[in-house]
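> Pasting a structure below so you can have a look.
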Amino acid sequence: MKKKYRIAVLPGDGIGPEVMQEAYKILNILKDHFLLPLEMKEFNIGGIAIDQEGIALPKNTLLGCENSDAILFGSVGGKKWDYLSIDKRPERAALLPLRKHFNLFSNLRPAKLYADLKYLSPLRSNIIKDGFDILCVRELTGGIYFGKPNGHSKKNDIEYAFDTEVYYDYEISRIAHLAFQLARNRKKKVCSLDKSNVLKSSILWKEIVEKISKNYPDVHLSHLYIDNAIMQIIKDPSQFDVILCSNLFGDIVSDECAAITGSIGMLPSASLNEKNFGLYEPAGGSAPDIAGKNIANPIAQILSVSMLVRHGMNLKKIADKIDESVVSVLKQGYRTADISNNSHNYLKTSEMGDIIANFLINGK
């Protein structure tokens, strides 16, 4: 490993700063106890950057990210900035430009049902008896969100709007390669989602994925139409391992997978480019209604650190230790308010961070 592994820390708005404080506890243990050569520098982003510097993504923040090996992101946005035009609000003017600037073409969204949190899932107990551990791999920079032409117009008093789904073979190839590589370290199954019975772009998607799969004979590939996949995820989520999908389909499916865990505050995510530079963040939002109350769940932010260690630093064993610490804490019955089944007995944000940190060091 290089002399220093530099992390740009962007706490942002809402609950971002307080859950990031708990992530710092883990980072400092990795630095002091596991002797990882980490260097963390903090920068403004989102609403706080608008308030202090007049723009959601300041130049010095972008420069700080460019001079780093990874980005650890909190959350951005809140009603405070709703007076701004949509393109200048934190949600649009901070995260999307970061993704574009660093060409973060892939989004990894784990959706895991923890054995001790099955009561949170909206699915029936007989459906989730075996639990599930799904990784959604979503193409992030192509597809209908970015295709041209698009527009909104009017002709002969008839209003209409249109978008264009465009995928190039190289865009599909690189996300498929990543999905298969990730599956090799899991249950060795990839399910690719498409709508190839209707869409030309999906026909190409399926053809390219089939072609790429020949490089990974140890990984089983299956295909599902997106409408059937949505149903199958609800009926039997345990059948899935890695789900590979386009930008639009991934946007939908990753949220569905998150919803059936019943605990969005537990779910991290990673967005990576071809050089393995990544942005790591919780899957949930800024939750301004509970900001500053010390009741937010910090586990998604802590598990984002785990993903950074796993995918950014390629230190699987240490990432596993972070994950195991979270599992151990849950097994012993520790809960924050959002995952507690007892409204009068739960930990504060800082308390949960302390307990996970203690498990990471001492294993108890």
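Just so you know, the numbers here start at 1 and follow the chain as drawn.
Quick reminder: no glycine exception, Cβ is built from N, Cα and C everywhere.
Okay, these came from Swiss-Prot:
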type: BINDING; residues: 78-91, 285-297; note: NAD(+) binding site
type: BINDING; residues: Arg99, Arg109, Arg138, Asp227; note: substrate binding site
type: SITE; residues: Tyr145; note: site 'Important for catalysis'
type: SITE; residues: Lys195; note: site 'Important for catalysis'
type: BINDING; residues: Asp227, Asp251, Asp255; note: Mg(2+) binding site
> Using a 10 Å cut-off between Cα atoms, which of these recorded positions sit near Asp255 (Mg(2+) binding site): Gly78, Ile86, Arg99, Arg109, Tyr145, Ala291?
Arg109
> Cβ atoms within 10 Å, counted per site: which of Asp82, Asp227, Asp251 has the most, among these binding-site residues?
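Compared across Asp82, Asp227, Asp251, the most Cβ atoms within 10 Å surround Asp251.
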> List only the single closest residue to Asp227 (substrate binding site), chosen from the binding-site residues Pro90, Asp251, Ile295 by CA-CA distance.
Asp251
> Looking at the recorded positions Arg99, Arg109, Arg138, Tyr145, Asp251, which has the shortest Cα distance to Ile295 (NAD(+) binding site)?
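Result: the closest of the recorded positions to Ile295 (NAD(+) binding site) is Arg109.
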> Which site among Gly78, Pro90 has the most other CB atoms no more than 10 Å from its CB, taking these as binding-site residues?
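Max Cβ neighbours within 10 Å, all protein chains included: Pro90.
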> For substrate, with binders Arg99, Arg109, Arg138, Asp227, what's the maximum Cα separation in whole Å?
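Answer in Å: the longest Cα-Cα distance is 28.
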> Measuring Cα to Cα, how many angstrom lie between Asp251 (Mg(2+) binding site) and Gly78 (NAD(+) binding site)?
21
> Tell me, how many other CB atoms lie within 10 A of the CB of Tyr145 (site 'Important for catalysis'), whichever protein chain they belong to?
15
> I'd like the Cβ neighbour count for Arg109 (substrate binding site), meaning other Cβ atoms within 10 Å of its Cβ, all protein chains included.
22
> Between Ala291 (NAD(+) binding site) and Arg109 (substrate binding site), how many Å separate their Cα atoms?
24
> Determine, for the Mg(2+) site, the additional residues of the same chain whose CB lies within 8 Å of the mean position of the CB atoms of Asp227, Asp251, Asp255; present them in sequence order.
Ile226, Ile230, Leu248, Phe249, Gly250, Ile252, Val253, Ser254, Glu256
> In which DSSP state, out of helix, strand and coil, do we find Gly78 (NAD(+) binding site)?
coil
> Please report the distance from the Cα of Gly78 (NAD(+) binding site) to the Cα of Tyr145 (site 'Important for catalysis'), rounded to the nearest angstrom.
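Counting only the Cα atoms, the answer is 23 Å.
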> Which one is closest to Arg99 (substrate binding site) in space, judged by CA to CA distance, out of the recorded positions Asp82, Pro90, Lys195, Ala287?
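Closest recorded candidate to Arg99 (substrate binding site) by Cα: Pro90.
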> Looking at the recorded positions Arg109, Arg138, Tyr145, Lys195, which has the shortest Cα distance to Pro90 (NAD(+) binding site)?
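Closest recorded candidate to Pro90 (NAD(+) binding site) by Cα: Tyr145.
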